[in-house]
């Protein structure tokens, strides 16, 4: 007994802080594991039949397969008609529509996370998500306004100040949101709150960044906006039609209804469609000219002298093809060659944006992101491929098309001090004289 007392007396006793931290870690670990298991069993949003009653009655005698065909077809035509209307209304309306689509897509993705974890009553989750959306939009679109509305910004004192300190203001706004998130952390929900913090930021990266690139593409000329979007739409429709009538071979497990027949048929149909649409649009200045802001009329203008990219040129046809079609040359716009790259990406790589979205939906056991469009799902279901396409088009323009922009260089020049402007003027004049574009007589005058 004496021995036992001595052994107990000599055993080290763990400090209370360690015990407390261990129990805290245990509680946190149990909470995280419980969160994951509860998330698996939590009720998830499912797709509902929101087909208009008129269509339901008209198609009641058809099988579910053909009913879905007609519902998708009719509503697709309606969306295409709406697309034509907003194109007719001009670039300003297009930009507003892009912003609305961005907000709706963000709402659909954030709502999925909220529905999965709604039972945990996470503090400030939705408020902070929308606040971060506001911050990121302010950062991206503030840069755009400064680039494309420079004269207007410099004319108005408040806008000039906001433009000058734009990045600092953006960073400050984000820091406020970051501090709010840290202050909202709750002991029993640490891991889950960081999950949702990452969820929000990945959503912002996918949705806001891509929509920002869409608007940049639009400013390069409406043709860079319309052709890529139309190619994705065409590929989606033609892949569905080829798959519906000829589909036999499954393409990918993530989307069991996708077939190789639809994938290949959609590719060839999209390339042909891209060539035809590019040929038609390249002949109109309103589509090919960059969208610029006119300070005199306070409106957008799309009038310019078309670049060589949109002027008909004659190309020699390879000898092998000459023997088949009997033509030696063909007249086409250089942009049509670029349209082949755009349509190829839209049909071969673009669908992987849809496959990515399918994997996301399978992970959360939902059929669609929302029920906004009957037969199609949510807005995000229609734009999952468009966002990937927007990034490609922006990179393609920057790599192969865009050169130095004289108007932007002049804008930057005008912001310099007078002595800096004079120095650049003298340097440029000396350079032009050396090149033989100015004479010494001109210099003396």
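Each residue, glycine too, has its Cβ placed from N, Cα and C.
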So which of 33, 440 shows up as phosphoserine in Swiss-Prot?
33
Of the residues 21, 407, the one that Swiss-Prot lists under phosphoserine:
21
Among 23, 37, can you tell me which residue Swiss-Prot lists with the annotation phosphoserine?
37
Based on the annotations in Swiss-Prot, which residue of 31, 441 is described as phosphothreonine?
31
Select from 213-233, 234-254, 297-317 the stretch of residues annotated by Swiss-Prot as transmembrane segment.
213-233
I'm a bit unsure how to read this: which one of 166-186, 213-233, 262-282, 340-360 has the highest number of Cβ pairs shorter than 8 Å with the transmembrane segment (79-99)?
213-233
Take the transmembrane segment (213-233) and find every residue of the same chain, 6 or more past its ends, with a Cβ under 8 Å from one of its Cβ atoms.
80, 83, 87, 91, 94-95, 98, 141, 144, 148, 270, 273-274, 277-278, 281-282, 286-291, 302, 310, 335, 339, 342-343, 346-347, 350, 385-386, 389-394, 397, 401-402
